[in-house]
Structures are given as structure tokens and as C-alpha cells.
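Copied over from TrEMBL, here are the features:
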- His217: active site, nucleophile (ACT_SITE)
- His492: active site, proton donor/acceptor (ACT_SITE)
- Lys219, Lys494: substrate binding site (BINDING)
- 1-10: compositional bias 'Pro residues' (COMPBIAS)
- 11-21: compositional bias 'Low complexity' (COMPBIAS)
- 62-72: compositional bias 'Low complexity' (COMPBIAS)
- 81-108: compositional bias 'Basic and acidic residues' (COMPBIAS)
- 391-406: compositional bias 'Polar residues' (COMPBIAS)
- 1-109: region 'Disordered' (REGION)
- 391-421: region 'Disordered' (REGION)
- 468-488: region 'Disordered' (REGION)
- Ser518: site 'Interaction with DNA' (SITE)
Amino acid sequence: MASPSSPSPSSPRARSSSSPPAKRRRVGNDASVRLEGGGGLGRRISPPMRRRREDGPEFGAQGDDGVVVEGLGQEGGGRGGEVERDGGLDGKGDQEEHPDIKSGRDGDSNINFIPSPIQLIRIEDMGAMQNVDAIGLGDILGDPLIRECWNFNYLFDLGFVMQHFDSDVRHMVKVKIVHGFWRRDDERRIELLEAAERYPNIELLSAYIPDPFGTHHSKMLILFRHDDTAQIIIHTANMIYRDWSNMTQAVWSSPMLPLSTQKWPTENPDSASHPVGSGLRFKVDLLRYLAAYERRTKDLVSQLAHYDFFAIRAAFIGSVPSRQNPDASKPSEETSFGWLGLREILTQVPVARRDKSHSPPHIVTQISSIATLGAQPTWLTHFQSVLSSEPKVSNTAVSGSTKTASASPKHAPNNPPPPTFSIIFPTPEELRTCLDGYASGASIHWKLQSAQQQKQLAYMHPFLRHWHSPAPTSPPQDSPRRAAHRGPAAPHIKTYIRFSNQDHTTIDWALLTSANLSKQAWGDVVGKKNEMRVQSWEAGVVLWPALFAHNSVPGNRALAPAIMVPVFARDAPLQEDLAGWLRNGSAAHNHNVCADRVSPVRNSAVNVTVVGFRMPYDLPLCPYTADEMPWCATMRYAEPDGKGMAWSGY
């Protein structure tokens, strides 16, 4: 992969590391990260969060098989392994509401609306209407309370990074840069060393990568603040100007994590069983990932162990260079790396119940790079089976006649049809007409030259969908087009989303990650022992609606049902986003909401939680025509882009 160059000092877009950051517009207060930068220490600062930690279970409860028991999939408000406590999700009684849930009610309908747990990055050359609720790097790093920043990434422009810290403290913040250029003769390592000499508060740490095809591709920030809080941020952008200006990217930010009053075990911290999706399980899996850096992150692991992760509602999925024996995995205690860990997570995620009368789920993979997967679809088919994973629920786990289907590529005649699959990848025309033109294609990769690569293209072509298809060439659609306003911004974001049906009205789960579609990122089975080998470092989060369900109806011990809906051009879901959900037949049958909760709009005695998920692409999707090809950065494209440039390939 070519190393992108930073803008020249003469460029109007260049940013001097010695000059103060540009004034950033104030962002709304309804998201987990809404920080202003460049205001200095003289501005008003909110007091520190109170420290909170009480004895008791971290999150919900578990069934006999270790599956997290959620609000979805529980009939009649009965047991079925469900939490039998007052206090809702956390089982802690009359405690404050989840700090990252800023609910809003819709009139008398008793619907709790929760904004998207991910945010899109602000696009420089788009207007305010296209950037509603979007954030920039300064909103993340510009808080003067930050005292230490651990920055994990693939590419770095250190001057670009440093200018986004508050001007009054940027020379005092301890900045740890974790990169993957560990060979002493690597030119990119040498460039980093030379750039770091200008900043005494920067420390470079190189991750070990034993395989020549592996990369340190994780994109994560861990921030420690002077008010004794910490924050985990997982995103998709390299730490260079181009990635934070006119490319589509996204960010997941944890709530501010207070110090814990309970001591974290230093030996065998994963020996206890914590439900997938809980804060404690996130902590176990994140610390296990960080421990793989060995001595380089020993201090970081030690610091994070003292923080309370209760407020997090997500599952961490990481990849580290490793070999794993699937038979030796311990999914009830810790999440494996790569596709094995993803499968372990998805088998705990409740999904919409369906039968043959409903359209099948649609799993959409949207990435910025597709590696060489082989002339036969063996690896892709297996990975699709991983993405199809569902909980295997026994007859006693769910009351009622309809049960969740087990994850299997083959299904019995009476079982519902399996998911369908699509892969979003841009065409040369989409990159030619995007904001930065062909230059954006330097970050988007798919090699198509060899005979093996052409065979791979042949079996993947039926899955391919446009990133941004101009209206005149789009086929007629029965459903209305929903616009994300990110089509002109080339995609560097990576999302894997399971829509509950072909109408894309609700989402079963969504994954935001640094991991592209590759064996290096997700792993491959190798050797006679069937070991699973992962070659790269990656980091991501899996999100699903039941994580945000909570009991807000007095006297009702059952968790309120929750759904996740795609939202466009904003983070917050609205009443109009439920139209498709209600239109698709019985809401009860379609989303595991029990029979007396058919419509939250018609039954004001029941709360329904509606979580938005900010969409980076338009719906419905548009398939490639038979003669359309994906972008290939090694090919030549002669037709000039919007900047008058052709692409010579490399």
C-alpha cells in the first residue's frame, strides 16, 4: 500500500503544526463525544463526573448456556432466562439512566428515541445540511482536559495530529503513537522518527508484525483526562489530512469512563464469565487485545484496569497476529480474534424472528479494500456463513411457537430462508466524480490483474453494489430512495450490517471496524491442525438494539422491546423512521415484540426503544451492471476527474 503524502505547506489545505487550530463549530449535546477544541484553558469546563461503582452484576443476566438474555426474543414479558429484577438492564435497581442514552419521547406514544451510537466524520467540501451531527478530529482531541492520548493507527502525519489538540495544552499532553513500521530500514518508520523529534511529548511505539502481508491497521484512540475519566474511541480514518477532509469515515465513542472503586484482577481477569455486550466483557476483550502488544502497552493496560466500563454497550472485536485453535476457545470468558471472535459474538445477538412469508435478512458488507481471496469462493462462502451466525435458542428459552433459527448455511425446508449478501465497492466513475477525484482511490484497493484475481472478480461480481450511483443510471426502484449525503465523499469507512429484511427498515446488528475483506484481517484456516491464522491488527465494535433496551415503565420487570433503524442525514431517529417497520406486517412477528405489543404507536402503555444507526450510504442499493468493473488503483484511467487529473496507476 502506498503511503499517502501530506498536503504541501503551500497548499490552502495545509495545516501548520505550530499554528492554532481553526475555530470549530459547536456541535450538539446529544452525542457521546461533543468536544470543542481551540478554546484554551480559560473557557468554562464542566466539573468531573462523579465516580460510580456499586456492587452487583455488571449487566443483565445470563441463561444456562451463557447467552445474554435481552429484551428482544422474550415473549409475554415472562422469564425465559430474562432478568427477574427491578431496575432494567443493569439489574442495579433505582440507578441513573445509562449515561450515553439521551432518550426522547414522541408525544404520547411512549417511544424512546436514542441517537446513533456511531457518528460520521465532517466532510470539508460539503455544506452544513450534509454535515448535521458530523464531527471532526478537533472535536475529539481538542478538549484541554486530555492529559494522555494513545493513538493506534496505520498512517500518521504527526503535525496534523498535534494541531488538533488544544493550543494551550498540546505541548503537555503525553502522546503515544502506536504504528506498525517496526523494521529499522522502513522509510515510513524513519519519517515518523524524524517528525517526532519536533515534539518532545510524543513517544513512538512499533507493534510487532511477524507476517510480511500483515499490517497494523487498527484505528483507535484511548484518552485519559485530568478529571479522572477515560474514553475509548474506535474509528476508520488514518491520522492524515486526506482521511479527515473529504472521505466518508465514522467514529464510535464510549461514554466517559470514571475510575472504579473495585480492584481489577491482575491475574486471570477473564476467568469470570461476563455477557457479550456488557461493559465488563468489553473491558476483558479490549485489555486482552492491548496485552498482545506486550511490553509496549503494559502501562496502558495497567491504567485502564482502574476504570469502570459499566456504561459501555457494545462488543469489542479485535484481530492480532496470532494462531488460534477453535477447539481451545473460551467464548463464555473471552472473545477470540478475527472471524472466530465475530462468530462468537453474533451467536449471542438476538435477531428478528421470521418465517418463509417474510423476506430474508440482507447482510451488506461495505469496505474500502478487497484482498486476494482465491480463485474459488471457499473463503468468502465461509466468511458469509460467519456473518449469518445467529443464536441457537432452545424451546425453553423462548416461549411461543416461533424460535430463532440456528446459524447454518443449509436450512431445512420449514426454516426461514438464509440471509442474502451484498458488497458495496466504488467504481472508477464514482471515484472520478467524487470530491477529491482519483486521488481518493489511493486508499481504495482491489487488485484485478492476474488470472486468479479475475476468477475472484467473476464470483464476487453478482454481489457488487454501487457506493454512489448517479440517478440517471439507477434502475427504477419500488422503495423511496433514502439519501445519506455521502456519495460524493469516497468511502474509507468499513461497515458490516445485517438488515432484518429486504426493505432495510430495521437493523439486527451493525459492525464498525478497521477490518476490510481480507484473510489477513479476519483470519484463515491453515495447516493440518486447522489453526486459524490472523496476520493483521484490527479493531471494531458490534452494536445491536437490545443493548439499549431499558425498563422505563414503572412496575414492568420485562425489558422494553428495542429496534434499530437506519437514519439518514442525522443521528437521531424520528417517528417517520418507524413507518417501514410498522408497514411490514405485524411488528410483533417481525421483531420479537410480544403479541400484546403489536404497535408502540397504538399502545401507549408500553415503551419501545428506537435506536438510530447513521447510514453512510444510500438505500436501496444499486447493483453493478454486467459490464461495470470495480475501481482498481493499479489500472490507468484516462478520463479527467473534477480536478482535471487522469490516473496513471501504480
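Any Cβ shown, glycine's included, is placed from N, Cα and C.
This view paints the features noted in TrEMBL onto the structure.
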residue : record                             : DSSP class
His217  : active site, nucleophile           : coil
His492  : active site, proton donor/acceptor : coil
Ser518  : site 'Interaction with DNA'        : coil
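For Lys494 (substrate binding site), the count of additional Cβ atoms within 10 Å of its Cβ stands at 26 [all protein chains shown]. Comparing the recorded positions Lys219, His492 on other C-beta atoms within 10 angstroms of each C-beta gives the minimum for His492. Straight-line distance linking the Cα atoms of Lys219 (substrate binding site) and His492 (active site, proton donor/acceptor), rounded to a whole number, equals 12 Å. In sequence order, Tyr154, Gly180, Ser514, Ala515, Asn516, Ala521, Ser536, Trp537, Glu538 are the residues near His217 (active site, nucleophile), counting only same-chain partners six or more apart with C-beta under 8 A. Residue density at Ser518 (site 'Interaction with DNA'): 24 other Cβ atoms are found within 10 A of its Cβ, drawing on all protein chains shown. Here the Cα atom of Ser518 (site 'Interaction with DNA') is found 12 Å from that of Lys494 (substrate binding site).
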